[in-house]
Amino acid sequence: SRRHKLYREELNLTSAAAPLPLRPEASWLQFHLGISQDGLYPRASPAVTRLLRDMRELPTISADYSQDEKALLGACDCSQVVKPSGVHLKLVLRFQDFGKAMFKPMRQKREEETPEDFFYFVDFQRHNAEIAAFHLDRILDFRRVPPTVGRLINVTKEILEVTKNEVLQSVFFVSPASNVCFFAKCPYMCKTEYAVCGSPHLLEGSLSAFLPSLNLAPRLSIPNPWIRSYSFDGKEEWEVNPLYCNTVREIYPYSNSNRLLNIVDMAIFDFLIGNMDRHHYEMFTKFGDDGFLLHLDNARGFGRHSHDEISILAPLSQCCIIKRTTLLRLQLLAEPEYRLSDMMRESLLQDPLAPVLTEPHLLALDRRLQLILDAVGKCIDTFGEATVVANDTAADRARLDT
């Protein structure tokens, strides 16, 4: 605390700063203005390119806990909170031009697989999974994951010395190896054993761009109909009833909108990354029942390349429906000249932390893609293509052709 106070006094940060003007050309603002009913950003968006560059390069001007950590500490009244623990540490970093990004530090090395005895709800959160999920989502042409980039953060200069949160300041320490470390401050599992450490100051992490505030762009958080049981021995109905989709189809809004097709899209995305933790999904209220689902919080993906969790595909295999545009995209990425692993490998080379995924994880994408196509093929054999493959709107078909 004393060091932080001296640092602020040295930079004359104790006096009230003049309000900063909002620049219309700021990449964060342009990203927000580009959100439409089709996705978070248009294809080849120059605003997203600039946003990724700014998150890589701009200096941080403040750091703080995210809203869910603050809720547990009683510092704010935040609804729809996912409880954090000591091993699930994330911070909000702010930049000039009112930019804001969620920082998730490196908790697990790329070559380490999640232990097979781990339940999905106690798994690590991986910074490289957040980065890879953004690239995969873009390759699939979903555009439902906020722009995410990797960055080496100097935890001393870019977090400790710019934060005004005294609780956050208090969890920094120097390890016996002379590395600067910090840990989560929450009611449980918050000990130095769960700290993340720089080397000695630099730490890898992912930065995910914030969406517009809820005041400007209200969102709904809705339980996933295929939510898993968050206990050691419980089972949800979909896990024991193969006809569960018939029940879902009778419930609004899954009975009369594209929502169920969007759930299948999300399941396909989660199966490819191996994410079993999709307990809720969010969507903008502005776009109504047929709006796209946001694919947020993907840090529990890419944990095990040696295992394909077929149960993630339950919405597809039980409902036997898929968008035609989604199917065409998957079929294209199964072709040798557009192989998904090759597309991902090339895309991820753009990230500062490349290589983001190990080769076994990249090859697992090809294997899982074939399993998805096999599941669709089985559905078509059973019910016929006209029943299984849903025609998208004319606008969707036109976008696919461009």
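Note that Cβ sites are derived from N, Cα and C of the backbone, with glycine treated the same way.
Database features, via TrEMBL:
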type: BINDING; residues: Lys104, Ser208, Ala209, Phe210, Leu211, Glu282, Asp297; note: ATP binding site
type: DOMAIN; residues: 172-388; note: domain 'FAM20 C-terminal'
type: ACT_SITE; residues: Asp277; note: active site
type: BINDING; residues: Asp297; note: Mn(2+) binding site
Asp277, Glu282: which of these recorded positions has the highest Cβ count within 10 Å of its own Cβ?
Asp277
Among the binding-site residues listed here, Ala209, Leu211, whose Cβ has the fewest other Cβ atoms inside 10 Å?
Leu211
Expressed to the nearest Å, what is the distance separating Leu211 (ATP binding site) and Asp277 (active site) at their Cα atoms?
21
Roughly how many Å lie between the Cα atoms of Ala209 (ATP binding site) and Asp277 (active site), rounded to a whole value?
21
Take the C-alpha atoms of Asp297 (ATP binding site) and the residue listed as 'active site' and report the distance between them in angstrom, rounded.
9
Near Lys104 (ATP binding site), which residues of its chain come within a Cβ-Cβ distance under 8 Å, counting only those 6 or more away in sequence?
Leu89, Lys90, Gln125, His127, Glu130, Gly205, Ser206, Ser208, Ala299
Determine the C-alpha span of the ATP site listed in the record, that is the greatest distance between any two of Lys104, Ser208, Ala209, Phe210, Leu211, Glu282, Asp297, in Å to the nearest whole number.
20
